[in-house]
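Engineer: Attaching a single structure in structure tokens format; questions to follow.
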């Protein structure tokens, strides 16, 4: 993407950061544990499907719908979580998410038939949507500026840990009778939400939510504990007030609540029009970058590898169901153990290098996986063992490449590029596209493999990954070293005009809020 070099600030290496704030670290850790449940619910299906197909006599088409529909249901959960988090607060929304996960696990584990399983999958999908939305929001609102990038990757880290636990559960219960094995896999998922629901109650509420409820002093106390210095805490409090349109000297709870309500009503008008109907050139570039990245992340078929890894391993020569489930744990291990690479390097080498290295590796390893699976069908059995080993190595390398770049960095990147007035709605669109693509790939994988073979499916994903690398190279500027206010300038020099308009809108909203309070 070409931009005016004089107008775009050059990304510089950040100054030496202070030590990680331990209290903020603990808060982000607890909040992100919701994502363990998310990853578990997705990956446990990979092994459970083998047994429920035999037990309930259901078809591959029913299996792929059951596996992928959770991503579609999660869209509803994300929308509901946005409303709930503003009504009950971020903390109690996480408690509610744990309760939903608990209910979904019970329904799936005790399901007597396919229809009951779909009902349980629906409830679990709502829980996935809640966790997907609330964990990053809470973490970003609590984290100090110096470690925002590091702590914001925690939900993805724990999501991958949950995926690993799902595979472990598959392997652990595989030797039970068929009618009990898949039920045990789901029912175990009902245990962690009980402990998590109580643990979350020990966390503080989000300072931004406290300010929006007029609880300025409570917000200040939280910020003093989660900031690197008292001065930063006061700066963050002033920034929160500015974001929601509250004058810096406003302290009375009733006045603050009235101002927030008036500003929310004014700010909600015109945002969707500016995003979807008449976006400015910088906003169009941001949408292309953000939505393109969300599309690429799922269109490369990573969820298919997670969901159907036992079938791919069987295709690669592992005929024993127990062995293929055991090998699937290596997929979860790769996703879990390689993601810290992105977490540790994100604020050191930048977003672009990690994304490009990850995308290039994914394309290469997908092509290798597809080629080795194709050759397995055309070579004598004496060569099958070596080709099977190549297939397994390529599959694990693909997962490692995804986990060390595109997986976590895409979420961080998309949280940085949008201007404040559009951030929530643009992020919602990106999350929706991401979940739709995740559902589309997992719900079509078995049918696609039957039509063009498993090798053909992975050739298709390899082409998407290669096209994605070209897209990232030309359309994604580096955001490391930029403040959230300055990243918008990377997408066009006229962004300054938009920012000026934003200031005028905020001043107008404050004037309007004062008039409303006076009238009251």
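Note that Cβ sites are derived from N, Cα and C of the backbone, with glycine treated the same way.
Pulled the feature table from TrEMBL, pasting it below:
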type	residues	note
DOMAIN	27-480	domain 'Major facilitator superfamily (MFS) profile'
TRANSMEM	23-43	transmembrane segment
TRANSMEM	63-83	transmembrane segment
TRANSMEM	95-116	transmembrane segment
TRANSMEM	122-140	transmembrane segment
TRANSMEM	184-203	transmembrane segment
TRANSMEM	286-308	transmembrane segment
TRANSMEM	328-346	transmembrane segment
TRANSMEM	353-376	transmembrane segment
TRANSMEM	388-414	transmembrane segment
TRANSMEM	426-446	transmembrane segment
TRANSMEM	458-476	transmembrane segment
Engineer: Based on Cβ pairs under 8 Å, which of the stretches 23-43, 122-140, 184-203, 328-346, 458-476 lies most in contact with the transmembrane segment (95-116)?
Structural biologist: 184-203
Engineer: Tell me, roughly as an integer, the mean pLDDT over the domain 'Major facilitator superfamily (MFS) profile' (27-480).
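Structural biologist: The predicted confidence over the domain 'Major facilitator superfamily (MFS) profile' (27-480), as a mean pLDDT, is 84.
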Engineer: For the transmembrane segment (63-83) and the transmembrane segment (286-308), check the count of CB pairs under 8 Å (sequence separation 6 or more) and say whether it reaches 3 or more.
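Structural biologist: Contact between the transmembrane segment (286-308) and the transmembrane segment (63-83): present, because at least 3 Cβ pairs are under 8 Å.
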Engineer: Near the transmembrane segment (353-376), which same-chain residues lie under 8 Å Cβ to Cβ, leaving out any that are not at least 6 residues past its ends?
Structural biologist: 293, 296, 300-301, 312, 315-317, 342, 345-346, 383-384, 387-388, 390-391, 394-395, 397-398, 400-402, 404-407, 409-410, 413, 453-459, 461-462, 465-466, 468-469, 472-473, 476
Engineer: Counting Cβ pairs under 8 Å that sit 6 or more residues apart, are there three or more between the transmembrane segment (388-414) and the transmembrane segment (23-43)?
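Structural biologist: Contact between the transmembrane segment (388-414) and the transmembrane segment (23-43): absent.
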Engineer: By Cβ distance under 8 Å, which residues at least 6 away from the ends of the transmembrane segment (458-476) in the same chain are close to it?
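Structural biologist: For the transmembrane segment (458-476), the sequence-distant neighbours (Cβ-Cβ under 8 Å, at least 6 residues beyond its ends) are 1, 285, 288-289, 292-293, 296, 299-301, 304, 351-352, 355-356, 359-360, 362-363, 366-367, 369-370, 373, 413, 448, 452.
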